[in-house]
Amino acid sequence: MSTTNAINGNLYEQLHQGRTNMYKSKVDVVLGAQWGDEGKGKVVDMLASEVDIVCRCQGGNNAGHTVVANGTEFDFHLLPSGVVNEKCISVIGNGVVIHLPSLFDEVLKNEAKGLQHLEHRLIISDRAHLVFDFHQHVDGMQEAEKGGKSLGTTKKGIGPAYSSKATRNGIRVGELLGDFNAFSDKFKLIVATHLRLFPSINVDVEAELTRYRDYAEKVRPYVKDTICFLHTALRNGKTILVEGANAAMLDIDFGTYPYVTSSNCSIGGVLTGLGLPPQTIGEVIGVVKAYTTRVGDGPFPSEQLNEIGDLLQTRGFEVGVTTKRKRRCGWLDIPLLRYTSLVNGYTCICLTKLDILDTLPEIKVAVSYKKANGDKLDHFPGTIAELGNIEVEYAVLPGWQTSTEHIRNFKELPENAQNYVRFLEKELSVPVRWVGVGKGRESIINVH
């Protein structure tokens, strides 16, 4: 070995020696592994009973999570699903975009269902950006302009709000709570900017400022520096769980662009959306529905536009929590899951809605993609044009044709249902830790 290489080798060893770990705990993460609606909220609800803090890191009220607790069904859009656990602190991080009217409406609706004492256990980042009503109007107009090539946006203003953030004329929660005259000037400027681009939008600036003066006082008790809060919690050994919104295939960078959301809903968004370094991440739980669904437009290789798709839609009650649109349905897609596992680094899987497959005599699983010329693809296509022209190859597995809804022990599942789970494990080389066979948290089976 040359002297230079020897020195470099020593330097490399030195770099990795003597590391000090300033944290006493880790951050576990729950991420959607497909196109959303996998059942992340239920998984978070299950795990939140054992953690100190639950966080949202990205997205806005375009996300929809349903949690059933003590027989009551809660719908969350901005609030982390962990708020149903009264011993848990819920954090809305800096990467989230917040429409305050929707947040307050969501709080009121869920308080009416029995959610209590949120003022003592909800923290909102002062660095989170605000979504204004005009962002929502612009969202609808931009979607209408696309005509037959619409992206299927929720029209909640999420994209325009992130656009304002990226062009550096967005407004953050902390600015609303500071000098209100400075906030007013900035609000007038952002409205003027949007009016130049979209002259037909109607904004009553003075009425909005009056409204936001009230919102400032309503939201003030919840707001603090969440970055310091979370790092202090980790140094003190507090357990933290992050609830990813949307899902990997809707990620702005890694999803089926442009049929995606406007934020990073993969593991990277957890770090930037909460101000966490990579070494704080512990378990990364990929939530996988036992079949595949998608809301809105965009390519969907394993989609079933037939009686199978109809059966999955009907049995699975596949209607969007936020949009109320019927979800498109298809078979489980292994190449897609391998891809999102590469990006996110799943340490384990929670497989949900296995019971929806109970009536099928046989079940197909997409196992590989082929190009139009017959060549197998060894990677997930990077463009929608390429993804739209692939041919899907399926494995056919025997069904079990008996109800799994009331089973609570993995070994009591029908053999073919167990084989379906093991097939997924083998194909992904990631262990399946939980299997869901119903709506409530009690319907989640511990596999190992």
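Cβ coordinates are placed from backbone N, Cα and C, and glycine is handled just like the others.
With ASP37, GLU38, GLY39, LYS40, ASN62, ALA63, GLY64, HIS65, THR154, ARG168, THR261, ARG325 listed by Swiss-Prot as binding IMP, the candidate from ASN181, ASN246 annotated for that site turns out to be ASN246. The two recorded residues, ARG325 (IMP binding site) and GLY36 (GTP binding site), have Cα atoms 13 Å apart. Cβ-based crowding with a 10 Å cutoff singles out HIS65 as the top-ranked of the recorded positions HIS65, LYS324, ARG325, LYS326, ARG327. Cβ neighbours within 10 Å of THR154 (IMP binding site), excluding its own Cβ and spanning all shown chains: 23. Ranking the binding-site residues ASN62, LYS326, ARG327 by Cα distance from LEU354 (GTP binding site) puts ARG327 first.
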